[in-house]
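Some notes on the structure that comes next.
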Amino acid sequence: MSAAISQVQTVDWHSPAIEARRKSRYAAEARLKAYGLIAIVFALGFLAILIGSLIYSGHKAFVQTVASVEIDLSAAGVDKAKIADANWKGIVKQALLDLGDAKSLPKREQKKYLDIFTDSAAYLVRDAVIADPSRLEGKSTFVIPLSDPFDQLAKGEVSRQTPEAQRRVSDKDIAAFDALVAKGVIAKPFNWGLLFNADSRFPELAGLAGAISGSFWSIVVCFAISFPVGIAAAIYLEEFAPKNRWTDLIEININNLAAVPSVVFGLLGLAVFLGWFGLPRSAPLVGGLVLALMTLPTLIIVTRVSLKAVPGSIREAALGIGASKHEAIFHHILPLAMPTVMTGTIISLARALGETAPLLLIGMNAFMTSAAHGIFDASTALPTQIYIWSDSPERGFVARTSAAILVLLAFLVLMNGIAIFLRQRFERRW
Amino acid sequence: MKALHLTAAALIASAAFAGAAHARDQIKIVGSSTVFPYMQAAAEEFANKSGKPAPVVESTGTGGGFKVFCGGIGPDFPDISNASRAIKDSEVKLCADNGVVDITEAKIGYDGLTIAMDQQAGDLNLTKEQLYKALAAELPDGKGGFVANPNKNWSDIDPSLPNIAITVFGPPPTSGTRDAFVELVMDAGCLKQAGMEELKKSDEKKFKEVCSRMRQDGPFVEAGENDNLIVQRLEADKNAVGIFGYSFLYENSDKLKAAKIEGVDPTEETIADGSYPVARPLFFYVKNAHRDVIPGLKDFLKEATSEEAMGDEGYMVERGLTPLAQDLRDATRKAVEEATKLAAK
């Protein structure tokens, strides 16, 4: 007995060696945890720097310095039948000169003074009156954005301390501007134009409407093509295709295509859609087609995985009570897989929304001052608009570029939010 | 296979659909990124004034623009191509091969190439020869051969220049700005080297090759087509200089200052009167076969060449273009009005 017991090795769990070992094991665990935490802090830190710098440089573009000017149009003698043909330049010029009591100045200084306001002031007033002809009766107030140098001045981007020779606005300009401020006609309201104006060469008028509509139409085309095609391909491969070398080959190819850089799809679009088919350059139709090609492989893979995730018992039960394969798929399997498919689709579309390279190649980085009304109109997209603005010399576009990135990020967050919502609301687990 | 069929069917259907619906009512403009802001202005002004669809202006670079422009005649091809240099013979030929034989050239103004640095940096006064010596890949060794460019600091070239490392941000080869810089500065500086005159006479191709190669060992950095990025880099590195068009210097005059070239500061006056030595003319080219087909094209041409656009106080000039002299402006206007065919070179 005692001999047998002595053969069992007894471990003293409190011996210094064991204590030390336990300590080092705990330490290793703590270290692993710390590494993970550091990695997350690191990643979040970068995200915070990115968003922080965008907000820092872009937040000023969300407000726009404007002047409100009251114009008495009843005295201007505008022909109601031909509003567009009136001498708007003259009318607006007089009104603006009155605003700053600048009528007595010599011609040259008048011109300098008028530079405070956007160059397109006359067109803005004209369009506002065409939209609402009742403004021709009596006085009405128009809101005129200030031109970029003065917008920058009002926002404190131009330091008044820099020597006069080194800034775009002279001391005299600043005095004229300050006089307007003292009169209380200058305000800095939220810059709705950023969302609802089309592009312009003047930063104070440039907006994202063209880019948003172009992105919208591209995504519509992309969805209309990649969603049905992706689902059809996935259903065939998952439910009908025999397992042989050909289907293996197709599968490998689809997986490879999912990893192809997007610029390659852009070149393909340039050669095939523009070259062979002669589709219009810069059109959201072509953008959508290219983006569809890009998202298809991912979509097929996601759909296949979600079809596979539906338990085999459901398929067998349906077939067992006499349903055809078609009925089993469309009545049972696909509806159950749909939440995951929708989530995958939205995430793919979000990726397509942020894609720049293929759109640059098919000319969706053109300048135009009107928004697209359909898939054939030339247009830009959000990421290409960011690209164009980042390359514009005017100072106001620096802030606008960051603001446009924030708008794009907001759309991406919204789409991903919808995807998460769908997943949590409808996804079923087995 | 089903997927393939579906894809093919979708593609063919959409192509047919597009073909039917696609007759163009917008003017299409491609070409140089330097001329882009000026044509942008003309396009916006035109759309605002006439209420017609806004022309589509795309910045493709001068060479890229001619490639598309010369692709053929018809609504699929652009009507106007902007250029920061005159059209090359090879491009005229490419156009002719595709049936584009009737083109009008319109000179709209000048652009000064500026060498600029941060406001806080020291002043620089450079000659073309010094720039060549700073930026060429190989320099002639005086014995008919070439050696890799040994100059690391500006003072290596000339003791009167500051003793700081050469760092120059410039445009990539696809850019018209680069073409102009090579032609106006590099070739000119190269020509002043011993033996190069003879080389140019005996073997022009070789001359072009050695003179226009920019160094790739660090001091010259190709900064992409995005000039705003160059401005940011110059702010970060006070010892660096950048090469870009005058409009960027003009817009960023509170951040940047220009180096004198051959003792001359780039200003609107010196560029216009030709005393600033690194200026180039800017053009656009019109496809005359499109004049009666594309709605609004004639009116747009009138707008783009009007006094209000390219005159002394025109809106293009407000964006940094250096205007032509009055008689040259009239000549351009006349050529565009009468659709004067580009003279064969």
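Using N, Cα and C of the backbone, Cβ positions are placed for all residues, glycine too.
Predicted automatically and left uncurated, TrEMBL annotations should be read as such.
Copied over from TrEMBL:
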- A:212-419: domain 'ABC transmembrane type-1' (DOMAIN)
- A:32-56: transmembrane segment (TRANSMEM)
- A:216-237: transmembrane segment (TRANSMEM)
- A:257-279: transmembrane segment (TRANSMEM)
- A:285-307: transmembrane segment (TRANSMEM)
- A:328-350: transmembrane segment (TRANSMEM)
- A:397-422: transmembrane segment (TRANSMEM)
Could you check whether the transmembrane segment (A:285-307) and the transmembrane segment (A:216-237) come into contact, where contact means at least 3 Cβ pairs under 8 Å with the two residues of each pair 6 or more apart in sequence? yes
Where else in the chain does the transmembrane segment (A:216-237) make close Cβ contacts, counting only residues six or more beyond its ends and a cut-off under 8 Å? 247, 250-251, 284-285, 287-289, 291-292, 295-296, 299-300, 303-304, 307, 329, 334, 341, 345, 348-349, 352-353, 359, 364, 372, 374-375, 379, 381
Can you tell me which parts of the same chain pack against the transmembrane segment (A:397-422), counting only residues 6+ beyond its ends and a CB-CB cutoff under 8 A? 51, 53-55, 57-62, 157, 194-195, 203, 206, 208, 211-212, 215, 339, 342-343, 346-347, 349-350, 353-354, 382-383, 385-386, 389-390
